[in-house]
Amino acid sequence: MAASATTLMKLFFFAIILISCAVSPAMSTAPEECEAESTNPCVNKTKALPLKIISIVAILVTSMIGVSAPLFSRYVPFLHPDGNIFTIVKAFASGIILGTSFMHVLPDSFEMLSSECLEDDPWHKFPFTGFVAMLSALITLAIDSLATSFYSSKNANPMITHGHSHGHGVTLTNKDDGSSQLLRYRVVAMVLELGIIVHSVVIGLSLGATNDTCTIKGLIAALCFHQMFEGMGLGGCILQAEYTNVKKFVMAFFFAVTTPFGIVLGISLSSVYRDNSPTALITVGLLNACSAGLLIYMALVDLLAAEFMGPKLQGSIKLQIKCFFAALLGCGGMSILAKWA
């Protein structure tokens, strides 16, 4: 069922791509200045290529470190998954994901879909970014809920046990509580990875397609920091899902290579790709809106709320406060990075 949930999300994103590619030629006629080459002195294709290659290596390494760190935390005593420090680190990483959604992905979508390079009607007369993000969050909620309830209805059979005090009473216990919770973790991990991967490919494509050396230099450090801590959040979810070692490696690998893949794709398309063309603006803008809605829901509901309302934090006000400030620090870090990224 977790796999079915992920398939539905993939179909949703694929539908957005098809719709955006279909409507962009019909609804958008770019002004001449939008199709013209940039006169920015920082634009230098020869100098930009080595920087892009450096970014591929740097982002690949930091992404792998970030997503792998939680997976090896069992072997580090002070970072054990059941410890308070790991809980605080997870709250920080969840704050990173929430900050990424609100401070990077959503504003980028607003900027793209309100560009002057798109026709006034309908792009400037309807808030497509908010609408698509809202729809994405609701679809994520539906998939999250249905995947769990379908599993529970099929597999949560009550188990009869006999009591031994004051006679032979009969008690009903649900032996699948643990399995149901494990499924929740797996749905969260898969859907979260899908949202992050879509966003990662988009930002990689943008970096690979641009020849603005000034922009690339600022993005390298910002994206390394961003990918490392976003990977930590995803790695924590993968760890809780208790996948096999092979599946853990595959999920970590796909997260680590998506942004470098996007950069390579951007480099290969840089001669024909224009980030201010109507097709690019609409496609990337709608994908960013989808990712934003999904990541906002996952960060608030399945990561932060689930952790803060869980028995561990509810049993310790002191730990709650520490986790709150950790999440706030994660959001604040991504807010600061928004200036450069």
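Heads up, the Cβ atoms here are built off N, Cα and C, so glycines get one too.
In TrEMBL, annotation is done automatically, which means it is predicted and not curated.
Per TrEMBL, the features are as follows:
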type	residues	note
SIGNAL	1-28	signal peptide
TRANSMEM	52-73	transmembrane segment
TRANSMEM	85-106	transmembrane segment
TRANSMEM	126-151	transmembrane segment
TRANSMEM	187-207	transmembrane segment
TRANSMEM	251-273	transmembrane segment
TRANSMEM	279-300	transmembrane segment
TRANSMEM	321-340	transmembrane segment
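Of the Cβ pairs linking the transmembrane segment (52-73) with the transmembrane segment (251-273) and spaced 6 or more residues apart, 3 or more are under 8 Å, so the two regions touch.
Contact between the transmembrane segment (85-106) and the transmembrane segment (279-300) holds: at least three of their C-beta pairs are under 8 Å, each pair 6 or more apart in sequence. When each of 187-207, 251-273, 279-300, 321-340 is scored by its Cβ pairs under 8 Å to the transmembrane segment (126-151), the top-ranked stretch turns out to be 279-300.
Remote same-chain partners of the transmembrane segment (187-207), defined as residues 6 or more beyond its termini with a Cβ less than 8 Å from a stretch Cβ, comprise 1-3, 5-6, 9-10, 13, 52, 55, 59, 97, 100, 105, 140, 143-144, 147-148, 216, 219, 223, 227, 230, 233-234, 237-238, 240-241, 243, 251, 254-255, 258-266, 269, 273, 275, 284, 287-288, 290-291, 294-295, 298, 302-303.
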